[in-house]
Amino acid sequence: MVLCQLFVQPEAAYISMYELGEAGIAQFRDLNPHVNDFQRRYVSEVRRCSEMERKLRYVGSELPEPPPPPKPSPTVLSPREINILEERIDYIESEIQEITRNAQNLKNDYVSLKELKLLIEKTQTFFQDHSHHRKISASVQVYNNEGVLGHLGFIAGVVATPRVPSFERMLWRISHGNIFFKQAQIDEPLKDPITGHELQKTVFVVFFHGEQIKLRVKKVCHGFQATLYPCPATYKEQQEMLAGVENRIKDMEIVLEQTEQHRRLVLANIARDISTWMVVVRREKAIYHTLNMFSMDIVKKCLIAECWVPKCDLPILQKALDNGVKQSGSPIPSFLHHVPTREIPPTFNRVNKFTCGFQNLIDSYGIASYREVNPALYTIVTFPFLFAVMFGDIGHGIIMTAFAAIVIILEKSLAKKKTDNEIWNIFFGGRYIILLMGIFSIYTGLIYNDIFSKSLNIFGSGWRNVYDNETLMRHKTLELDPATAYTQTPYPFGLDPAWQFASNNIIFLNSFKMKLSIIFGVIHMAFGVTMSVVNFNFFKKNYMIYLQYIPQILFLLLLFWYLCILMFMKWTMYSAVATDPAYGTSCAPSVLIIFINMMLMKKSEVKPPCSLYMYEGQEALQRSLLAVAFLCIPIMLFGKPVYQMMAEKKKKKYQQGVESGEVKEAGAHDGGMGEVLITQAIHTIEYVLGTVSHTASYLRLWALSLAHAQLSAVLWQRVLRAGLGGAVPAGSLMLYVTFAIWAFFTIAILVLMEGLSAFLHTLRLHWVEFMSKFYEGQGYAFVPFSFAAILESEDDELVAQSGGAATE
């Protein structure tokens with residue numbers, strides 16, 4: 001990573017930034033940190049692009065369907081083309097607003113006519129005196145659209161149904177009971193012309209006496225947002241008005257349909273290009289936003305920029321500057337200058353679609369310090385392998401592999417479908433991780449010889465039957481002596497299928513998987529400790545190899561790798577066919593007890609012919625290993641602080657000799673020797689205790705593997721096996737149902753839930769037990785100026801906003 005200083009001519013800056021945005025290789029630094037955003041050079045251009053983006057978003061929100069994907073972008077747009085695009089966007093926005101406004105007004109008029117029609121139909125019953133079966137409208141006179149009955153008047157209108165009780169109560173109070181209120185709910189709900197929601201309305205007629213009450217009634221109607229309509233008092237006039245309203249409604253429906261067709265046609269023409277325009281505007285805005293980070297040299301009249309660039313991409317950067325000068329026709333070239341600096345550069349790891357998922361797992365723990373060893377490369381192998389140790393099953397691995405393979409095959413089409421579903425985005429982003437986890441699970445399933453809790457007998461078992469038929473029929477379970485029933489020929493690959501039927505199957509697998517988990521854990525941690533050597537060599541800290549790495553690796557290997565060696569010795573030395581009784585199966589010692597006795601320096605009692613030790617000189621060797629391991633602790637504790645103290649004294653002595661003590665440079669550790677000792681003590685205690693706890697933590701490989709196998713066996717025995725034992729007619733239906741239940745729980749529990757659990761445990765083993773041995777993760781990410789990244793992030797924000805709006 002190189003810090004570069006660019007001297008760019010203003011007329012060539014836009015084209016050069018376009019080239020760099022397409023390449024995505026430079027992370028620019030803000031050279032105007034104390035300048036307000038509204039006082040920068042290109043603030044007017046940024047505002048202009050923001051306004052165009054706002055208008056395009058408004059037009060996009062009016063589209064009935066999502067627009068098609070953007071077309072391949074052309075070359076750099078000239079200022080004249082940008083002006084033409086801005087004028088077109090302005091015209092389109094004003095046109096859409098006018099069409100929308102006219103359509104909304106027409107819908108308001110249409111709703112008003114529908115309400116008036118329903119009001120006339122409902123109020124015809126209000127003017128009937130049902131007790132005497134005569135029309136009271138015969139003696140009503142009309143005066144200025146106000147109905148008058150003798151000295152009575154009436155007002156008709158429509159009000160929202162939820163407001164009717166309070167509306168009637170308020171009318172009663174302001175008139176002191178001197179009104180007559182009639183209402184009828186409209187059966188057909190009306191649609192709000194603005195929101196499109198259904199509205200429940202009620203028709204009402206208020207009969208009153210006197211002008212003062214009439215004014216009060218109108219104020220109450222206005223307060224409750226009731227719509228008043230003129231209503232004739234006579235039946236004949238009502239019928240005439242009703243016929244006229246119905247004709248106007250039919251005409252309005254035709255106009256509304258034509259307006260909607262015109263609006264759809266305009267939006268369809270716009271939808272073809274709106275995505276392309278949005279990409280152009282966003283690129284334009286990103287370019288000017290980045291140019292605002294540049295400083296202006298008033299004397300030389302050029303823009304000055306600083307950026308971090310990967311060293312191998314410097315030719316691309318120079319080419320982008322040259323293209324900007326060439327296309328702009330500037331007579332003055334742009335210059336590229338390397339700036340020496342002690343500032344820590346950003347961390348950049350080149351990834352592809354395969355390694356991206358694994359790198360994200362590492363970055364979630366912490367961005368690697370600059371030039372620190374990247375564990376993502378090794379995680380590609382170790383992560384799916386440790387997952388498969390816990391998830392080992394051929395059938396479940398095939399399901400996981402098939403899912404990941406389908407997603408990978410369809411990844412191009414699936415990547416185009418933007419969604420705010422976080423679960424799906426996680427699965428899609430980790431599709432290659434899932435593929436490797438599935439493949440490794442198939443491998444470990446073959447080692448465990450386990451497919452949906454059943455075994456495969458491919459090569460033939462190494463165990464044979466030594467009992468006759470009569471003995472087999474008389475006993476439910478029989479014991480096979482390895483000395484006679486075992487052919488001494490191991491199963492060529494994986495676990496012998498005979499263990500599938502053994503009553504001590506769980507006991508055997510417990511011991512086997514527990515020892516395997518300890519062996520894998522020690523190897524994984526030793527590899528992590530060894531990776532620290534790479535960092536020490538690169539950062540010129542060779543003394544740390546002797547003062548930290550060697551004591552740490554010796555402490556780990558002399559104790560826990562020795563434990564693993566005892567496991568291998570027990571597997572190979574003790575046998576049922578051993579000639580020496582001391583090495584028979586009955587004398588096989590407990591490795592855990594031997595290790596505990598080694599740490600506590602005590603002995604256990606054994607009965608003859610068994611031996612206390614597995615080999616000659618075991619006690620002396622174990623005491624020596626324990627002594628060397630414990631001698632490593634003070635080296636880890638005091639080695640680094642003492643070395644730094646001596647180096648600091650030597651440095652000060654050298655400075656005093658050269659400069660006569662006039663110059664005194666501050667030390668790297670201002671807190672003195674005490675702070676260094678405390679820090680190193682914390683690290684030493686953490687490593688020593690962590691070695692024990694981390695080794696025990698790898699037992700989760702055994703625990704989850706056992707739980708996964710037992711859950712699979714329970715589903716087979718309690719669910720699917722019940723459907724295999726029925727008669728032919730009813731048994732077929734029973735098998736169909738039980739298989740559906742078994743398949744559902746297999747995918748939901750064993751593949752999804754158990755897979756998620758194993759994934760999280762594997763992640764913890766890498767973050768805590770493996771990466772803590774060498775990985776600091778104190779860096780910051782390289783974020784280049786890239787059109788692809790900017791457009792993707794903005795699309796994700798839009799998808800999230802649309803999803804949130806839909807949820808609301």
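Cβ coordinates are placed from backbone N, Cα and C, and glycine is handled just like the others.
Among the residue ranges 301-320, 581-600, 781-800, the one that TrEMBL annotates as transmembrane segment is 581-600. Taking TrEMBL as the reference, the stretch among 430-448, 696-714 described by the feature transmembrane segment is residues 430-448.
Two recorded stretches are said to be in contact when at least 3 C-beta pairs lie under 8 angstroms, sequence spacing 6 or more; the transmembrane segment (739-763) and the transmembrane segment (377-410) meet this definition. Between the transmembrane segment (377-410) and the stretches 430-448, 516-539, 545-569, 581-600, the greatest number of Cβ pairs separated by less than 8 Å involves 430-448. Averaged over the coiled coil (235-262), the predicted model reaches a pLDDT of 87.
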